[in-house]
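K.L.:
Following this message is one structure expressed as structure tokens.
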Amino acid sequence: MAEQQQQRSLSAELQELVLVALGAVPGALLRWQVALHWADRHLLVNVLGAALLGLLAGLPAAPRRQLLVGIGFCGSLTTFSSWMVDAMQLISAGQIAEAFGLIGLTLGLGVGAAALGFWLGQRLRLLKLPRSEP
């Protein structure tokens, strides 16, 4: 019995790992393409990721969707560390106001995007859409 539960647990973990990986690949590819074509790349991907995570939070719970889109896609799309390096580079260059402007703008837009996404998810939830996995 214990071996059977352990085997099922390993199988479930492997399925979860695959979902995260399947979401991470397109998220990373989108982030890479945004970095190639937009100067404010970190602002764009972080705000987009916040909006999408807000939407997911507003929808009915769906663990597989959270793994695929929330952790996989959004996790590989968004970046905290690169955003902080951008701010530190501005500070190092003596552009302190610009650094704090970048931080404030990203936080403000990110929270606003997450709130808008959550609001939209709640509205979609009210439509009583069928729960899908993922």
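Numbering starts at 1 and runs along the chain as it is shown here.
Using N, Cα and C of the backbone, Cβ positions are placed for all residues, glycine too.
According to Swiss-Prot, the protein has these features:
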- 10-30: transmembrane segment (TRANSMEM)
- 43-63: transmembrane segment (TRANSMEM)
- 67-87: transmembrane segment (TRANSMEM)
- Gly75, Thr78: Na(+) binding site (BINDING)
- 100-120: transmembrane segment (TRANSMEM)
K.L.:
Six or more residues out from either end of the transmembrane segment (67-87), which same-chain residues have a Cβ under 8 Å from its Cβ atoms?
P.N.:
16, 19-28, 30-31, 42-43, 45-46, 48-50, 52-53, 56, 99-100, 102-103, 106, 134
K.L.:
Other than its close neighbours in sequence, what residues sit by the transmembrane segment (10-30), given a CB gap under 8 Å and a spacing of at least six beyond its ends?
P.N.:
45, 64, 67-77, 134
